[in-house]
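S.K.: Heads up, here are the entries from TrEMBL:
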type: DOMAIN; residues: 28-161; note: domain 'EamA'
type: DOMAIN; residues: 171-298; note: domain 'EamA'
type: TRANSMEM; residues: 26-47; note: transmembrane segment
type: TRANSMEM; residues: 59-78; note: transmembrane segment
type: TRANSMEM; residues: 98-122; note: transmembrane segment
type: TRANSMEM; residues: 143-165; note: transmembrane segment
type: TRANSMEM; residues: 171-189; note: transmembrane segment
type: TRANSMEM; residues: 201-219; note: transmembrane segment
type: TRANSMEM; residues: 225-245; note: transmembrane segment
type: TRANSMEM; residues: 257-278; note: transmembrane segment
type: TRANSMEM; residues: 284-302; note: transmembrane segment
C-alpha cells in the first residue's frame, strides 16, 4: 500500500485534476498504471526483505522518517515552500494517521506471514469496507452499487480464504484488519482533502507516524546496515511513487477504465511471489480477487452513471439502476 490509501477507493486520487480527453488517453493511463503496479510490487518485496531483519514497528519508523525527509525536500522546491504544510485540522490528522498506521502495520505484518498474492487480494476489500462504513460514519446513502460491491466483496473473501477448508492464519486476519483500518482512514482523508493539499496530508502522516513506530518498537531501534538501508529506501520511495503514478493515471482516464488495470497487481505480485519466494499460484486467490474487483468496478461504474444522469449528460433509461 502506498503512503496514502489506494486512490481507487475514491474513484479518483485526492487532488487529481479532471481527466483530459486527448487521443490515446487510455494508453497514457495504462502506462502510468504500469508504473504504479511496479511500485506496489517492489514495495511488497522490499517490505518482506526488511521483515527478515527488523520488526514491523521499526520498519514503520524508518519508512515514516525517510518519508518526512523526502516530502519536505519536495515541498521546499514547490511554490509556497514549507508553508503548504500548514493545517488547521491537527486533531483530524492525528485520528486519521492512527487509523492509517494500524492499516499499514497490518499490511507489512501480513506481508511476512502469507503469500503476496493473498495480501493483495484481501487488500482489494478496502473499497468494500468504505462502501459499508460510509453510510454509518459519513451519513452517505447505501446505494445499489455499494450493496453489490459489499455482497461481491464478501463472497470474494470467502473464496480466497475458504474457511473450514483451509486454515485461517494470523496473516489473513491482519490483512483484513488492515483493510478496515485503511477504510476508516480514507473516510477521514476525504474530509481532510476539502481543506488540505494531498502533500500536506502525506507530510503530517509521515511526521506523526514516525514517533508511533518508535514508541511501538519501545525505543529499541536497530541501526540499518547498507543492504537494509537500501530496502528501507525502496519501501519509502515506492510507496510515494505508487501514489503519484496512480494519481497521474486518473488524469488521463476515468476510474471505470483505471480500476480493471489495477487488478493486474494480483497476477503480477503472484508471479513475483512464485519466482522470488516459491509461493504457489492458488487459483482460488485469483478467482476471489476477480470477484472482489468486479464489485469495486460495478460500484464505480454505477456511481459514475448516476452522476452523469444527475448532470443531464446521460438519459435515465427505463429500468436503470
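Please read every residue number as a count from 1 along the shown chain.
Each Cβ is built from the backbone N, Cα and C atoms, and glycine gets one as well.
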S.K.: Do the transmembrane segment (59-78) and the transmembrane segment (225-245) come together with 3 or more C-beta pairs under 8 Å, pairs six or more apart in sequence?
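M.R.: Contact confirmed: at least 3 Cβ pairs fall under 8 Å.
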S.K.: What stretch, picked from 26-47, 201-219, 257-278, 284-302, has the most CB pairs under 8 A with the transmembrane segment (98-122)?
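M.R.: Top-ranked stretch among 26-47, 201-219, 257-278, 284-302: 257-278.
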S.K.: Are there residues at least six beyond either end of the transmembrane segment (284-302) with Cβ under 8 Å to its Cβ atoms? List them, or say none.
M.R.: 8, 11, 115, 117-118, 120-121, 124-125, 127-128, 131, 143-146, 148-153, 155-162, 255-256, 259-260, 262-263, 266-267, 270, 321
S.K.: Restricting to the same chain and to residues at least six past its boundaries, which positions have a Cβ under 8 Å from a Cβ of the transmembrane segment (201-219)?
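M.R.: Apart from its flanks, the transmembrane segment (201-219) reaches 3-4, 14, 55, 57-65, 67-68, 71-72, 75, 85, 87, 90, 93-94, 96-98, 100-101, 104-105, 189, 192-193, 240, 243.
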S.K.: Restricting to the domain 'EamA' (171-298), what is the model's mean pLDDT?
M.R.: 91
S.K.: Summarise the domain 'EamA' (28-161) as counts of helix, strand and coil residues per DSSP.
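M.R.: The domain 'EamA' (28-161) comes out at 111 helix, 0 strand, 23 coil.
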